[in-house]
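What Swiss-Prot lists as Cu cation binding site is Cys333, His335, His362. Positions annotated as compositional bias 'Basic and acidic residues' by Swiss-Prot: 1-44. Residues or ranges marked as domain 'Cupin type-1 1' in Swiss-Prot (evidence: sequence analysis): 84-220. Marked as domain 'Cupin type-1 2' by Swiss-Prot on the basis of sequence analysis: 263-418. The N-linked glycosylation site annotation in Swiss-Prot covers Asn47, Asn301. Per Swiss-Prot, the feature region 'Disordered' maps to 1-66. According to Swiss-Prot, the site 'Not glycosylated' annotation covers Asn85.
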Amino acid sequence: MLPKEDPELKKCKHKCRDERQFDEQQRRDGKQICEEKARERQQEEGNSSEESYGKEQEENPYVFQDEHFESRVKTEEGRVQVLENFTKRSRLLSGIENFRLAILEANPHTFISPAHFDAELVLFVAKGRATITMVREEKRESFNVEHGDIIRIPAGTPVYMINRDENEKLFIVKILQPVSAPGHFEAFYGAGGEDPESFYRAFSWEVLEAALKVRREQLEKVFGEQSKGSIVKASREKIRALSQHEEGPPRIWPFGGESSGPINLLHKHPSQSNQFGRLYEAHPDDHKQLQDLDLMVSFANITKGSMAGPYYNSRATKISVVVEGEGFFEMACPHLSSSSGSYQKISARLRRGVVFVAPAGHPVAVIASQNNNLQVLCFEVNAHGNSRFPLAGKGNIVNEFERDAKELAFNLPSREVERIFKNQDQAFFFPGPNKQQEEGGRGGRAFE
């Protein structure tokens, strides 16, 4: 269907109609030519719009795609992908410069070699089942974890893990806060050989002989055998032993203490819930593991065709990782606008693995596609004292304004303003653009 008010089409038709020397057939042919030209022009404009959308995503410093990850570990049995520093493309995200994001992927029945990190780690099990073992002060603690579990790994703590599932891959999302070089972290492998290279190999043989009280030939054998990488296949017997064996007091979760053991985010009561979605939150005020990092972890499951927001955070910058599903997000940003005092719409398509960031104060909305639920894991930095301000639905900020303030701000009678902002009776999760149109009988698609 062509636009009703295409000025070029209207001008072309008038010209054909006014040409008196044309007979009726010629006028009809001329009209058809005008419409074909209008269609071509509309298609060109559409292609230009899509190119502009693609360019917008390329220049968007708030969105990170596959190409923004690098492989730190890659073996036949799994990999570790690390997101580039948040400030690599823009200083606009300098508030989270000392945080890094990584994703571990491991095949069924695999072993991830022992390592320690010069960073504080918080892990979220996005998929699968694992056993995570930490060595602390001459004792070992093991935790069986599953989908939805959050666990803290203190900086410098030796840690290793297994994917104890025989059929399902393991996916773990990690957020790291470096403690040595701001914005940079390293994994240090003690156990290993050539791949992963053991840090013991950096010392001279004389020093190692004296420290370990063994001969060089023995050292060369121990530190020269492993060459398969830091993620390797393990037998069923090894997996069974590492899932259950424990020295000292048993600490296999859920029998361990909450202060060091996992928190299952999805077992908590949702902080927001209706037919359009659910939000689960682990707040630092409620969980000791997250307090000193000033970090909140949340998980949103947005029903297909629905949306979360718009809203904004007062202090927290939200780092979001798409775990499952598809959709898109929109955010109002004053920093990328070409003129002062105005806002640019930041938007991007969302799919599994995409990372997007909403800084404090930036209004944002996240919309699920019509085909699948959209599941988003979020790490909120600077969470202490943060407030979430809704911009639509129950409790939205405009409804809290005084009547006179509404009239002065909008230059309209307050009843007209209230007719807009009091119409939505849901909170946080709402029907998305497509559902709204379907309910209104207007049809159309906002996103595919």
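Each residue, glycine too, has its Cβ placed from N, Cα and C.
Under the three-state DSSP scheme, Asn301 (N-linked glycosylation site) falls in the strand class. Neighbour counts of Cβ atoms within 10 Å were compared across the recorded positions Asn85, Asn301; the minimum falls on Asn85.
In terms of DSSP helix, strand and coil, the domain 'Cupin type-1 1' (84-220) has 23 helix, 64 strand, 50 coil. Secondary structure at Cys333 (Cu cation binding site), taken from DSSP and collapsed to helix, strand or coil, is strand.
It is His362 that, of the binding-site residues His335, His362, has its Cβ surrounded by the most other Cβ atoms within 10 Å. What surrounds the Cu cation site, by Cβ distance within 8 Å of the Cβ centroid and not counting Cys333, His335, His362, is the set Tyr62, Leu92, Met331, Ala332, Pro334, Leu336, Tyr343, Gln344, Ile346, Pro359 from the same chain. Sequence-distant neighbours of Cys333 (Cu cation binding site): residues of the same chain at least 6 apart with a C-beta under 8 Å from its C-beta are Tyr62, Tyr343, Gln344, Lys345, Ile346, His362. Residue pair Asn85 (site 'Not glycosylated') / His335 (Cu cation binding site) shows a Cα separation of 19 Å.
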